[in-house]
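Taken straight from TrEMBL:
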DOMAIN    6-185  domain 'Thiamine phosphate synthase/TenI'
BINDING   Q36, Y37, R38, D39, K40, N68, T106, K136  4-amino-2-methyl-5-(diphosphooxymethyl)pyrimidine binding site
BINDING   D69, D87  Mg(2+) binding site
Amino acid sequence: MSQRGLYAITDSTLLADGKLLPYVEAAISGGARWLQYRDKSGDAVKRLEEAGQLAALCRKHGCELIINDDLALAAELGVGLHLGQEDGSLREARQQLGPDALIGATCHASLQLAEQALEDGAGHIAFGRFFTSQTKPGGPSADVPLLRAARARFSVPIVAIGGITLDNAAPLLDAGADYLAVINGLFGEKSAEDVRHRALAFSQFFTCHG
Ligand SMILES: Cc1ncc(COP(=O)(O)OP(=O)(O)O)c(N)n1
Ligand SMILES: Cc1ncsc1CCOP(=O)(O)O
Ligand SMILES: [Mg+2]
C-alpha cells in the first residue's frame, strides 16, 4: 500500500446525529488511507461501540484505523494509535501493540520531539498545526521550513495537520508531507456525498504532487 494519502480524523460534533458511519464510509470511498477515531467524550461504552464499527468498516475497505489517545482501546481492537505529548508512553504502546502497529506521535513544530518519539517507538510523526484550525485553535504552530527540515532528516511517514484545506495543502505536499490529516476540511461538508467528493479531491492532489 502506498505510504502517502489522506488521513481522515473523526470529530464527534461534526459527525453527530448518525453521521459517523456514512460520512466515514464516504471519506474512505473517496480514497482516505488512514482514519483516526478522535473522541473526547470519555464515554467508554460509546467509544468501544463506535471504534468497533469503524474497525469493521476499515477492514472491509482496506483503510488503516488509528485510535487517538487510548492505548487500551487500540489494543482491544488490534489497531493503530496516536499519542500526543501528554497521552502516555510510546514505549509501552509499542510493547503492547507490537512491531507492525501504526503508532503516531504529535511533535508540534519540534524536530527534537520527533527524534525522541521515534526513539521511543513511534512509526510516524505528526507536525502542526500549519494553519488556523477551527477544531483546535490554540495548538502550537508549525511552518513549511520545519516540514522541509523534517523531510530531510527522517525517512518515516510524516503527517501534517491543522486547518488543512484543498486551497492550502499544496506547499505541505511539496515540502514532503506524506499524509494530510484533516477534520473540518473534510467532515465539515453538508452531506456524505460532498465528503466523498472532498476526499477524492484530496486524494487526487497526491497524484499531482509527487
Ligand atoms: C495526526 C495527528 N496529529 C496530531 C494530533 C494531536 O494530538 P494531541 O496533541 O494529543 O491532541 P488531541 O488530538 O488529542 O486533542 C492528532 N490527534 N493526530
Ligand atoms: C487535532 C489537532 N492537532 C493539531 S491541529 C488539530 C486539529 C485538526 O483539525 P482541522 O483539520 O479541523 O484543523
Ligand atoms: Mg491526544
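Cβ atoms here come from the backbone N, Cα and C positions, even for glycine.
TrEMBL annotations: computationally assigned, not manually curated.
TrEMBL feature annotations superimposed on the structure.
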residue : record                                                         : CB count, 10 Å
Q36     : 4-amino-2-methyl-5-(diphosphooxymethyl)pyrimidine binding site : 26
Y37     : 4-amino-2-methyl-5-(diphosphooxymethyl)pyrimidine binding site : 28
R38     : 4-amino-2-methyl-5-(diphosphooxymethyl)pyrimidine binding site : 18
D39     : 4-amino-2-methyl-5-(diphosphooxymethyl)pyrimidine binding site : 21
K40     : 4-amino-2-methyl-5-(diphosphooxymethyl)pyrimidine binding site : 11
N68     : 4-amino-2-methyl-5-(diphosphooxymethyl)pyrimidine binding site : 21
D69     : Mg(2+) binding site                                            : 18
D87     : Mg(2+) binding site                                            : 16
T106    : 4-amino-2-methyl-5-(diphosphooxymethyl)pyrimidine binding site : 24
K136    : 4-amino-2-methyl-5-(diphosphooxymethyl)pyrimidine binding site : 13
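Following the DSSP three-state reduction, the secondary structure of N68 (4-amino-2-methyl-5-(diphosphooxymethyl)pyrimidine binding site) is strand. In this structure, D69, D87 are the binding-site residues from R38, D39, K40, D69, D87 whose C-beta falls under 6 Å of some atom of ligand 3. Within the set Q36, Y37, R38, D39, K40, N68, T106, K136 that the record links to 4-amino-2-methyl-5-(diphosphooxymethyl)pyrimidine, no two Cα atoms are more than 17 Å apart, and one pair reaches that distance. D87 (Mg(2+) binding site) and N68 (4-amino-2-methyl-5-(diphosphooxymethyl)pyrimidine binding site) have their C-alpha atoms 9 Å apart, to the nearest angstrom. A straight line from the CA of K136 (4-amino-2-methyl-5-(diphosphooxymethyl)pyrimidine binding site) to the CA of D69 (Mg(2+) binding site) spans 15 Å. Checked against ligand 1, the binding-site residues D39, D69, D87, T106 give D69, D87, T106 as the ones with a Cβ under 6 Å from it, listed in sequence order. Filtering Q36, Y37, D39, K40, D87, K136 by Cβ distance to ligand 2 (under 6 A) retains the following binding-site residues: K136.
Look at D87 (Mg(2+) binding site): DSSP puts it in coil. Model confidence over the domain 'Thiamine phosphate synthase/TenI' (6-185) stands at 98, taken as the mean pLDDT rounded to a whole number. Under DSSP, Y37 (4-amino-2-methyl-5-(diphosphooxymethyl)pyrimidine binding site) is assigned to a strand (E or B) in the three-state scheme.
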